Amino acid sequence: MIYAGILAGGTGTRMGISNLPKQFLELGDRPILIHTIEKFVLEPSIEKIVVGVHGDWVSHAEDLVDKYLPLYKERIIITKGGADRNTSIKKIIEAIDAYRPLTPEDIVVTHDSVRPFITLRMIQDNIQLAQNHDAVDTVVEAVDTIVESTNGQFITDIPNRAHLYQGQTPQTFRCKDFVDLYGSLSDEEKEILTDACKIFVIKGKDVALAKGEYSNLKITTVTDLKIAKSMIEKD
């Protein structure tokens, strides 16, 4: 089975424009989270869309689904997320297992709730690549020169941009593989390895690159929200 896992566990209100976490802010005529879920509803191969939300916001998320996506709510599961990204993925997988016991071939397409401009093509590419690889990471080519500084004051290296990519989401992999690999990490490794695909890489698994889009914006600042609103208005 193919599942979607939407990471919506953040509680930050650092934009300073609302008491709502950013995934619940309005973008056009509906919340950012709803825009994101709608993109996954369009892919018929996805059995369930599981949304990991902070415990304080589960009821709010359920109300939004009832209001904006009543025809699709049977395909959507709202569950309590974890304390961080990877524990939220683990909670999402636990919710999948509760719905239907996991098999070794079950795949989860994980995605940031605040990336509402994901395309159906990106979702389908992730699913297709995951059939033949251990994991998939969605990326775009780096367009700016990246500099490295080990002390925050002076440049220590300027890597070759031709070999660099900017990571986005979705990130896609088999549910059981993630659970096994995450479970094999020490507590110290769990603190450091906050990116799911990095866990696969350091464990020697093959992680394929899926082509992202520069429009696959992650809305984390007021400027991002302004850009997103202008993108919605153009559509």
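One is the number of the first residue shown, and numbering goes on along the chain from there.
Including glycine, each Cβ sits where the backbone N, Cα and C put it.
The CTP site in Swiss-Prot is built from Leu7, Ala8, Gly9, Gly10, Gly82, Ala83, Asp84, Arg85, Asn86, Thr87, Ser88 plus one of Ser18, Ser59, Ser113, namely Ser113. Looking only at Cα atoms, Lys218 (site 'Positions ribitol 5-phosphate for the nucleophilic attack') sits nearest to Gly9 among the binding-site residues Gly9, Gly82, Asp84, Asn86.
Its Cβ placed at the centre, Asp84 (CTP binding site) has 13 other Cβ atoms within 10 Å.
Most Cβ neighbours within 10 Å, among the binding-site residues Gly9, Gly82: Gly9 holds that distinction in the structure as shown. Largest CA to CA distance in the CTP binding set (Leu7, Ala8, Gly9, Gly10, Gly82, Ala83, Asp84, Arg85, Asn86, Thr87, Ser88, Ser113): 16 Å, whole number. Listed binding-site residues: Asn86, Ser88. The one with the lowest count of other Cβ atoms within 10 Å of its Cβ is Asn86.
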